[in-house]
Amino acid sequence: MMSVLVKEVIEKLRLDIVYGEPELLEKEINTADITRPGLEMTGYFDYYTPERIQLLGMKEWSYLISMPSNSRYEVLKKMFLPETPAVIVARGLVVPEEMLKAARECKIAILTSRAATSRLSGELSSYLDSRLAERTSVHGVLMDIYGMGVLIQGDSGIGKSETGLELVKRGHRLVADDRVDIFAKDEITLWGEPAEILKHLIEIRGVGIIDVMSLYGASAVKDSSQVQLAVYLENYDTHKTFDRLGNNAEELEVSGVAIPRIRIPVKTGRNISVVIEAAAMNYRAKEMGFDATRLFDERLTSLIARNEVQNA
């Protein structure tokens, strides 16, 4: 099971530590769900989920402050259980002394942020969703081409890494080579990242392992990217029919999310990196409503209609 440490959340969201011994910052977070305790403050703890991060905004804080000191302390002691990873107070609100006392007794980190509660909740959920999502490892090269994530796949030795290197030289960015870890960020979005050991590295047969960041600079690499298009490279076969109009819809499904995939035949004399660039731009054009295949079809239909009229 994937997990995130409390200290990683602190670093990512730039939270301030009000109370937190070093060992408390090593606590694991195993769920991306967040709880904003409301009914719990009235003493209703049925269906309470203590394993989640507890986030307090202005409403929760105001109600808490309105309570008598002893009642405030008793409620907080019931909320703060050993499995609770941390408590975050938003908007830079002052943490009441009773909360600090309960946190010390129950060994729970108290954190604060100046961000608005809704914004903080969104950022926290997004970060935890991406970190805790199940990864699927696929073989290929993930490139950022014109701001679009393109997954290049194909048989071993077909030239995926060499194509990736050529794309880097043409100003695009390497995300991952050889192994791409992909996860579903939501129901319609795939995201890809490199394995930590392979980050910024690319392997070229006959040359060895190349550190792309060292050779080409920080602008040539990217730590992660949305995966929007898959390109499959395969050896050219005269007996096989390849799509020439772009109207054969094919998909690659990963983690229950499907993305379009195109097949590109590889043979001597073809500049594959340029072809992939064109494929990426063509996909983006389709997303914007410009479909060259449809335009060709309309022109062809119009030409046939005119010829039929002339020959009538």
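For all residues, glycine too, the Cβ spot is worked out from N, Cα and C.
According to Swiss-Prot, the features are:
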| type | residues | note |
| --- | --- | --- |
| ACT_SITE | His139 | active site |
| ACT_SITE | Lys160 | active site |
| ACT_SITE | Asp178 | active site, proton acceptor |
| ACT_SITE | Arg244 | active site |
| BINDING | Gly154, Asp155, Ser156, Gly157, Ile158, Gly159, Lys160, Ser161 | ATP binding site |
| BINDING | Ser161, Glu203 | Mg(2+) binding site |
| REGION | 265-270 | region 'Important for the catalytic mechanism of dephosphorylation' |
Q: Whole-number Å only: compute the distance from the Cα of Gly159 (ATP binding site) to the Cα of the residue listed as 'active site, proton acceptor'.
A: 11
Q. Between Ser156 (ATP binding site) and His139 (active site), what is the CA-CA distance rounded to a whole number of Å?
A. 9
Q. With DSSP helix as H/G/I and strand as E/B, how many residues of the region 'Important for the catalytic mechanism of dephosphorylation' (265-270) fall in helix, strand and coil?
A. 0 helix, 2 strand, 4 coil
Q: Would you count the other CB atoms within 10 A of the CB of Ile158 (ATP binding site), including those on all shown protein chains?
A: 18
Q.
Using CB atoms and a 10 A radius, I'd like the single residue among the binding-site residues Ser156, Ser161 with the highest neighbour count.
A. Ser161
Q) Around Glu203 (Mg(2+) binding site), how many other CB atoms lie within 10 A of its CB? A) 13
Q) If you draw a 10 Å sphere around the Cβ of Gly154 (ATP binding site), how many other Cβ atoms fall inside it, taking every protein chain shown into account? A) 21
Q: Determine, to the nearest whole angstrom, how far the Cα atom of Gly157 (ATP binding site) is from the Cα atom of Glu203 (Mg(2+) binding site).
A: 11
**Q.** Secondary structure of Lys160 (active site) (DSSP, helix/strand/coil)
**A.** helix
(Q) Measuring Cα to Cα, how many Å separate Asp155 (ATP binding site) from His139 (active site)? (A) 9
Q: Would you list, in sequence order, the recorded positions among His139, Asp178, Glu203 whose CA lies within 10 Å of the CA of Gly154 (ATP binding site)?
A: His139
Q.
Given a 10 Å Cβ-Cβ cut-off, pick out the one of the active-site residues His139, Lys160 that has the most other Cβ atoms nearby.
A. Lys160
(Q) Cβ neighbours within 10 Å, counted over all protein chains: which one of the binding-site residues Gly157, Gly159 has the most? (A) Gly159
Q. What recorded positions among Ile158, Ser161, Asp178, Glu203 are found with a C-alpha within 10 angstroms of that of His139 (active site)?
A. Asp178
